[in-house]
Amino acid sequence: MAVMAPRTLVLLLSGALALTQTWAGSHSMRYFYTSVSRPGRGEPRFIAVGYVDDTQFVRFDSDAASQRMEPRAPWIEQEEPEYWDGETRNMKARSQTDRVDLGTLRGYYNQSEDGSHTIQRMYGCDVGSDGRFLRGYQQDAYDGKDYIALNEDLRSWTAADMAAQITQRKWEAAHEAEQLRAYLEGTCVEWLRRYLENGKETLQLTDAPKTHMTHHPVSDHEAILRCWALSFYPAEITLTWQRDGEDQTQDTELVETRPAGDGTFQKWAAVVVPSGQEQRYTCHVQHEGLPKPLTLRWEPSSQPTIPIVGIIAGLVLFGAVIAGAVVAAVRWRRKSSDRKGGSYSQAASSDSAQGSDVSLTACKV
């Protein structure tokens, strides 16, 4: 499928400033594009969102009344009107490229015109604490399955199937990887540095996790110890269970980090332990907001014991709520993470009106 090009708006920060600036840890800028066809109901819906680390800062929705790229973070609002005009033009052009790509891919897979189909793309770059390039990436999917991805060398592609190999040959002939690499190593990094500087009051803050442990009897012989980390930012965190100092990786139940709804994140990790041996187990928490890793141990006198029956009842209700949230998140994700094919052939510009996404001539799938 056509690679959705993040607009190549090149932003020339002062090189000296950029390379002398220091930030805690690594940082990322990522764009997610999604196009969903809807036969009989007009043009496909196109949604694009941009993130710096775990903070959404821009959004475009072809179904929105404004039909414009819109700010989602206070620090991006300071950009000039030309920036927003350029971003909007790029998104509208991208949506049209995706419309064509949806038809092309339907042909590749010999699909009828009746069903709805989805194209998604994620691309972006990471920088280190010194502001220098660490890595770049682009991944495309069709109908929820991998389609084609840029390899770590930023010079070659991995196609998921025969249809994707057609796209791969087209992009290789058009030197798509070379142009994309120039964006990822140059424009993407420069804009990320700019955003980190402009949004430093929020983007560079950290919230240490609030931690506690709960105890859930399963039977007369076993109990579950659950280690909780709540209200932390950024999202990256490590929870590790140990027994007598040895990692219990294989025996740990671990959930993915989840948004808490207030800009922070939450996570838990659990182990099943023999009753009476709880003191042999420790939970270790590592996070950027902590001065040093935390070690938690079950203290029966100060922490709650929750019967597993009560938990199951609670989880039934909680699960229903989460199920609805997951469905909504998946739908949003598919809309927001779609990237059409874009050829990164347009020369980079220093005009800040262009923006930080890829805005190159579209190279279709």
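Backbone N, Cα and C atoms are what each Cβ position is placed from, and that goes for glycine too.
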(request) Based on the record in Swiss-Prot, give the one of C125, C283 in a disulfide bond with C227. (result) C283
(request) Please list residues from the chain of C283 (disulfide bond) whose Cβ is under 8 angstroms from its Cβ, counting only those at least six apart in sequence. (result) T211, M213, L225, C227, L239, T240, W241, Q242, A269, T295, L296, R297
(request) Might you list, by sequence position, any residue in that chain lying six or more from C125 (disulfide bond) with a Cβ less than 8 Å away from its Cβ? (result) S28, M29, F133, L134, R135, G136, Y137, L184, E185, C188, V189, L192
(request) Fewest other Cβ atoms within 10 Å: which of the disulfide-bonded residues C188, C227 wins that one? Let me know. (result) C227
(message) Summarise the region 'Alpha-3' (207-298) as counts of helix, strand and coil residues per DSSP.
(response) 6 helix, 55 strand, 31 coil
